[in-house]
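Chemist: What follows is a single structure, and I will ask about it in a moment.
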Amino acid sequence: DPAAEAAELVRFFLRKTDGGKDRLVSVLDRHVKVVRTEHCFLLFEELGRRDGWVQCLEIFRWMQKQRWYVADNGIYSKLISVMGRKGQIRMAMWLFSQMRNSGCKPDTSVYNSLIGAHLHSRDKSKALVKALGYFDKMKGMERCQPNIVTYNILLRACARASDTKQVDILFKDLDESIVSPDIYTYNGVIDGYGKNGMIAEMESVLVRMKSKQCRPDVITFNILIDSYGRKQTFDKMEQVFKSLLRSKERPTHPTFNSMITNYGKARLREKAESVLEKMGELGFKPNYVTQECLINMYAYCDCVSKAQQIFDELVSSQSTVPLSSLNAMLDAYCMNRLPMEADRLLDSAIEKGVVPSASTYKLLYKAYTRANDKMLVQKLLQRMNKQGIVPNKKFFLDALEAFGTSANKPRRVQTSNSARESSRDSASNLEMASPSKPVLSTLEAVGASKKTPRILPNSNSASKPDTGSESSSEIATSSKPELSFSQVAS
């Protein structure tokens, strides 16, 4: 299979550069007889995922020097997309001008990449105006007519910007064009409105979706479950979940992870634990993201010892603990006003070779400043300095917000000697537990079962629900008649 061979060759090139011993361009020089455009295209995709946009440009320059190189819209489109995702808008524009100078004429795919690139910039309102300008320009060029990808990109962006008027305009334009909406069209808009808490607008898109005979898929269900959960409209969330179970679709890990997280933020521990039980009944085994969600849930419910048990199990089940899992346990301590326990866990993690990220330091800095513990703050800043992480203005501004929001945090749990001992155990367990050591399972931690679930590390379905939800102390209510999702899904 030529595609499989090309992919394997690309993996070989990347392995050669692991550790920074070899520059990728040097590796390509040594294998120049076998490298072709398709290999470079795959390298752009992989490096784009790895934040290697500079290497992408180096490879592009290397390509242009080869005899077999022919300027191609597909290459420029891919590079523009990579630059956009990494916030390099100027580089994306430079590539666009380079493409035109090379004799290539832009087509729909190139403009789609350019629109997507602009929408990744920080100034979202300005970016949206720019993107809509390109959209209007496309409609005036025969070879650049907008396709469904164009509409999907813009509709999602407008929904995220809460621009309902522009969403309606785009839907009307779509209805009048020869292009037909697909499931991605509706999911994008539903997700955009849902993340902004615009439930009525989200439900109106759901009605439109039904009128176009487009059936919801599992992504639709998951978006709705998470959106209702964020607003703590749990009756509707549960209704959607029941509709999902009755449909031809099957729940995924994100379905359960979202419900556990949102129940946790509302401090509904029993509800969250029932979701875990339901997971087991349906044949799902908790993955590491599920365990992180459970840690967060118990932290919100002031059950630090339960969070420690889940963390111990997670650590014991994997040879390498994800940094996100360590951050979840550190956040659980910080949330419950246990800065000393967090500091001990960080000490142990660093001793085991874990390298904290800027997000790790930010959450700890917030907690230490809120606790007014100058010694811990100083120690943390010294660690950051040693690791070469320089805090910027936003770092300190975010930390200052902690003082204003401290009243909304869960109350402090009384610290006992046993709790402190348990935190030391969590810290020491960062090494993989030996097979002979008994480990408390996730289901045992909530009293659901005595069988230890096998963890699925790095599962593709390990998608973490967005944490930027509404305050857990507010439950959204509505006096309007409720939309029956079962009617829409049927």
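Cβ coordinates are placed from backbone N, Cα and C, and glycine is handled just like the others.
Per TrEMBL, the features are:
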REPEAT    72-106  repeat 'PPR'
REPEAT    147-181  repeat 'PPR'
REPEAT    182-216  repeat 'PPR'
REPEAT    217-251  repeat 'PPR'
REPEAT    252-286  repeat 'PPR'
REPEAT    322-356  repeat 'PPR'
REPEAT    357-391  repeat 'PPR'
COMPBIAS  408-431  compositional bias 'Polar residues'
REGION    408-490  region 'Disordered'
COMPBIAS  457-468  compositional bias 'Polar residues'
COMPBIAS  469-482  compositional bias 'Low complexity'
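What's the neighbourhood like for these features in this structure?
Modeler: Beyond its flanks by at least six residues, the repeat 'PPR' (72-106) meets 37, 40-41, 44-45, 47-48, 51, 53, 56-57, 60, 63, 112-114, 116-122, 143-144 of its own chain at Cβ-Cβ distances under 8 Å.
Long-range neighbours of the repeat 'PPR' (147-181) within the same chain, counting only residues 6 or more positions beyond its ends whose Cβ lies under 8 Å from a Cβ of the stretch, are 108-109, 111-112, 115-116, 119, 124-125, 127-128, 131-132, 135, 138, 188-193, 195-196, 198, 201, 208, 212, 214.
Here the repeat 'PPR' (252-286) has a mean pLDDT of 96 out of 100.
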